[in-house]
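Since the structure comes first, as C-alpha cells, the remarks are kept for the end.
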Amino acid sequence: MTPITKSFQYGQHTVTLETGVIARQATAAVMASMDDTSVLVSVVGKKDTKPGQDFFPLTVNYQERTYAAGKIPGGFFKREGRPSEYETLTSRLIDRPIRPLFPDGFMNEVQIIVTVVSANPEIPTDIISLIGTSAALAISGMPFNGPVGAARVGYTDGQYVLNTRTSELEISQLDLVVAGTKGAVLMVESEAEVLSEDVMLGAVMFGHEQMQTVVNAVTEFAAEVNTPKWDWVAEPANVTLKDKIKALAEAEMTEAYQISDKMARKDAIVALTDKTVAAIVEADAEQDAKEVSELLHELESDVVRSRILAGQPRIDGRDPAMIRALDVATGILPRTHGSALFTRGETQAIVAATLGTERDAQMIDGLNGKVDSRFMLHYNFPPYCVGETGFVGSPKRREIGHGRLAKRGIQAVMPSEKEFPYVVRVVSEITESNGSSSMASVCGTSLALMDAGVPIKASVAGIAMGLVKNDENFVVLSDILGDEDHLGDMDFKVAGTTEGITALQMDIKIEGITQEIMQVALKQAKEARLHILGVMDQAISGHRDEMSEFAPRIYTLKIDQDKIRDVIGKGGAMIRSITEASDTNIEIEDDGTIKIFATERAKADIAISKIEQVTADVEAGKTYEGKVTRIVDFGAFVEILPGKEGLVHISQIAHERVNKVADHLSEGQIINVKVMEIDRQNRVRLSIKELLEKPAAPAEGNE
C-alpha cells in the first residue's frame, strides 16, 4: 500500500493522518498526531458473521504506553498492567459516537485498538484518538456512516476556546468534548462550573461547527486512500413475518406496556414473547425462533414510541414532563460519616460519604505525572438491583463511567482544600434501577455530603431526559425509565444547581437532533432539576454544623521549620511514637504546619502536648521532670524533653558528698532537675541539689 499523509490546521494545533507505513496487516491503521501527541489506531473487522450472532460485537480499547511520555512504569513488574480509570473512560468516549454509525443488521466483529505512542502533557489524547479512529474507520471499507469529528471546548472570560490545552483547562469554566458527523451531534461529555443552559448549548454548537474541519479532512483522506467498500448488504426485512407477529401480538403488547410496575411488565412481555414464538414455530417448523424474538422486539419499540408520539400516557402513566415520586432520607447509616437514601420511582441509591486524611488521597500516576485526587466517587451496580443474578467482582466499564459522570456533576460545588482539608470518598450503591441511576447518584451524593458536614457550595441534582422522534414530530421525556432509554432516540443527562449546569452528558442514536430539540430538552431538564432540588432541600438544605462523632477532627498547630526534623525523629521514630501514644494521624507540611486527625479531643491534646514537648527549647533556670537514661561514673544523663538530654554531674546530685552515682540514682528513675547552664555547644548542665533544701548548719559548741 502506498503511504498517504494528510495534514491540516485545527485550531491552535496541526493534525496529521498517515497510513500505509505501520500495522499494514490490520484492516485499517492510522497514525494520528496532534502536534507531538501521537496515537496509533488499528481497526480489524471480520468479513464473516458468527452463526447465531444477534448483537454488534464492537470492542474499543484505548491504551497508554509510558514510553510515550519518556517514563518507566512503577511497580515490581515495570510494565503496563490493567487499564487505568482514564483509559477505560477514553475507551467509552471513543465507542459512544461511532457505535450508532454502523448500520442496523451489521453483526461482524470489529475491534479498535488505540495506542498512545507519543504524549505532550499539554495536549490531551482523547480528541486525537477520536479523530484517528474516525479516519481508520473511513478507510477500512467497512459499512460506516461517518466520518466523525471531535472537539474539546473550553469557556474562559466569556469566550469559547477550541481544543484547550491542559494548562488552559485549569482556568476554564468548562471542559466539554463533543463528537458528531457533518449533519448531527452524536455525543457530549462535559464538566462545568455552574454555567447557564444557553452557554452550554452554545458550546455544543460551537464545537460541532469547528469539527467540520476534521470531517472534511477525513473525507478527503479517505477519498485519497480509496479503499474498496465491503460487499455487505443488510438482509431484507421479513415483512410477511412482521405483519403476522403484529396481528398476533400488538394488542397484548400494548396492554403489557400499560403495566406500570417494571417487574410485572417484564413478566408479561416474556410470557407474550414465549406464547408468540411458540404459535409461529408450531405453524411453521422451519421458522427461526430467534428471528421471531427480534421482530417482537421491534414491535415492542413501535408500540412504545407510537403511544408517546400520539400524546398518550407514558409506560407508567406519566405525561412527558412529569417526574416520578421522590423519597429522600439522610443519616440512615449510623456509623458512617454521612449517608443518604435517594429514591425516584423504581430507581434507588444508598450513598455513603467518608472523610479521611491526606494519606487517604488517591495517587494517580498518569502520562502527565503523579497527582493526588482528594475527592473520589465510586458507583456500584450489583445484579440484584434489576432483579437478576450475575458475576460480582471488580467494577465494569459502565460502573466506572457512571461514577465519573456523577463526580463531574458534584466537582464544581466541592470546597477547596483550604476551606475543608479532608479527603472525601463517596460510594453510591444502586439498590434498585429503572432508569438514570447515575443521576440518582448525583442527588444522593449531594445529600450524603451535606449529612457529613462537607461545606458544598450548593445542592446538586441530576435528571435524565429522553427523546422519541419521527420525522418532524418529537417528544422530550423527563426522568426516563429504563425501557424509554432503551427504545428512545436520545439519552441526555443533566446535573446542576439552582443557578446552572455542572455536568452534561448526551448520547444520540439518530441524526437530525436540532438545536431546537436540545433547547427544549435543556429547558425541560432545568424544570425537573429545580423540582428535585426543592424536595431535597426539605430533607436537608445545607451542610450540618457538626460532623459525625466517628469522623476524624482536624487540629492544626504551627512549628518552626527547623523543628520538623525533631518531630519526625530518626527514621520516623518520634512521629510514630506520638501517633501510637495518642491514637491519631499526623501530617507535617513543609512550612511547619502540623495537622492532627483525631476522633476525640483528648487524643488530639495528647499529640499536641507531645509535639510541644519535642519542639520546646530548653530554658536555663527552668525546672523539668526528667527520666534518667544513663548512669556514668561522673554523673547521670537525664532526658528532660523528648530527644533532649542533659548531664547531672556527680557534684550536683546532693549537698553531701556522693561517692557513687548508683547509690542515689537508677536508670528509668523519674526526677526533678533544674537547668543550670546551656553552653555554646548546646550541652545542658543540670542539677538536682539546687532543688533540695540545704541541711541545717551544726550548732556552735556542739562536739
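Just so it is clear, glycine is given a Cβ too, placed from its N, Cα and C backbone atoms.
Listed features, source Swiss-Prot:
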type: BINDING; residues: Asp485, Asp491; note: Mg(2+) binding site
type: DOMAIN; residues: 552-611; note: domain 'KH'
type: DOMAIN; residues: 621-689; note: domain 'S1 motif'
Predicted model, mean pLDDT over the domain 'S1 motif' (621-689):
90
Can you check what DSSP calls Asp491 (Mg(2+) binding site), collapsed to helix, strand or coil?
strand
Looking only at the domain 'KH' (552-611), what are its DSSP counts of helix, strand and coil residues?
32 helix, 16 strand, 12 coil
Run through the Cβ atoms and count how many others sit within 10 Å of the one on Asp491 (Mg(2+) binding site).
21
Helix, strand, coil: count each for the residues of the domain 'S1 motif' (621-689), based on DSSP.
7 helix, 36 strand, 26 coil
